[in-house]
Amino acid sequence: MLSKKLTVDKIPHMIKNKRVLVRVDFNVPIKDGKVADPTRIVSTLDTINFLKENGAKSIVLMSHLGRPKGVRQEQFSLAPVVPALEDIIGQKVNFLNDCIGTEVEGEVANTKDGNILLLENLRFYLEEEGKGVINGEKVKADPTKVESFRSQLTRLGDLYVNDAFGTCHRAHSSMVGVNVDTRAAGFLLKKELDYFSKVLEDPKRPLTVILGGAKVADKIQLINNLLDLADEMIIGGGMAFTFNKVLNNTPIGASLYDEEGAKTVHGIMEKAKEKGVKIHIPSDFVCAESFAEDAKFAYKLKMKESQDGWLGLDIGDKTIRSFDEVIRRSNTLFWNGPSGVFEWKNFAKGSHAMLQAVTESTKNGTVSVCGGGDTLNLLKQVDGAKENISHVSTGGGASLELVEGKELPGIKALSDIN
C-alpha cells in the first residue's frame, strides 16, 4: 500500500544531529560542462530544506548521472552539478571524488554540522546496478562485492531518505541496499505516492483512464491492471486503429495496425464487460495521404471511407466531443498518451482538445494524474497546462510499472508507518 509508507514529514523529531543519506536523481543534461536543465535539482529543494530546518548534522546526497556502466568515466562525473546545486540551495556543497571508501567515510564523519555533501556518481561501480560493461564485455557484479558496496553506503548515514522516484523500479544498491532502521520517502517521492494512491487505491468515482500509444501489446499489462480499477477507459493514439479493425472490421487504410496486440483485443473487451468498465474508441479521424507533417489531409474522414494508402493521425470532431463528455463527468483521471501526432499542427487538435478538457475538469475539482514522455511533451506545448494538472509524474518507467500493478523495489524498501 503506497499510503502506508513512511515519509520524511512524519519524522522531524528524528532528524536533529543525524547524518541523513539522501538518494536523489541528479541525472541532468550537461552541456559544455554546465547543467543545461536544473529541474531535477530544483525538485529536491523541499526535502533538503526540511532536513536543514530540522537540524540534520549533515546531508549526504547520492545520485547517478548517465550510463557509465560500472566504469569511472569523467564525462559522467557529478562535479558539474555542484555550482548549480549551490545556486539553488544557497549554500556551499562539498563534492567528494568517490561514493564509498575510507576517505569518503572520513569526510562524512568529520564534516561540520549543517554541511551538505555530494558523492560522486554511484554508477561508477558495477555494484550499484549489479551489472555493467568492461572492455566491451557485459559482466555481472560479484554478490559479495555488492554486499560490501551496500555496507559502505550504509555507513554514511543514520537515516535514509529516497527522493528519486524515477529509479524506484530498479533494485539498485542505493535504492534497496541501505540498511538503516529508518528509511523514508522525501517530498518529491511523497507527492508521487500520494497522487498514485488517489488513482490506484482510493479514487474518487468515476475514475477514467485515457490511454494513447502506438501498440496494444505495449500497453496490455497497463490496460489489464487498470480494468480492475477504472469506471471508463478512453483508447486513443495508434492503438485505436487496431481496436477498430478487430471490433468493427473497419478498413484502416495504411494506419498503424498491431498484429500481436490484435490478439488481445477481444479479451480486453470481455474483461471490461465483466468489470463493468465502459471502453470508448474513436469513431472518426483526421487522415493523411502519407506520414508527413505537410501531407495532404482530410478532416472527419470516417475510417470506413478511408482510401487505401491514407492513414489516421488524429481523432475527428465527433470523437473529440464524445471524449470531452467522458472526461468532464470524471472525478479522477489518469492520462498516459496523446490521441494523435500532436507534434504536427494539422494533427494536434484532438490531443489539445483533450488537454483542455482535462485542465478544465481539474479546475472544477477533478484529480488528474499524467505520466509518460509523450504526454509530458504535449503539456510543454501549452503555456500553463502543467500547472493546471493535479500531478505530472516525473517517473517515466517507474510510474508505468506502478500503474501496471508491479511492486517497485525502491518503494518496497521504505519503512512502513507503524
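Glycine too: its Cβ is placed from the backbone N, Cα and C atoms.
These numbers come from a predicted model, not from an experiment.
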Pick from Asp87, Asp98, Asp374: which one does Swiss-Prot list with Ala214, Ala217, Asp218 for the same Mg(2+) site? Asp374
Look at the CDP binding annotation in Swiss-Prot, where Gly213, Asp218, Gly337, Phe342 are given, and name the residue from Gly237, Gly316 listed for that site too. Gly237
Of the binding-site residues Val24, Arg40, Arg123, Gly213, Asp218, Gly337, within 10 Å of Asp374 (ATP binding site) (CA to CA), in sequence order, we find Gly213, Gly337
Kindly assign Arg40 ((2R)-3-phosphoglycerate binding site) to one of the three DSSP-derived states: helix, strand or coil. helix
Rounded to a whole angstrom, what is the C-alpha distance between Arg67 ((2R)-3-phosphoglycerate binding site) and Gly237 (ADP binding site)? 31
Taking only same-chain residues 6+ apart in sequence, whose CB is under 8 Å from that of Gly337 (CDP binding site), what do you get? Ile210, Leu211, Gly212, Gly213, Lys219, Gly236, Gly237, Gly372, Asp374, Thr375
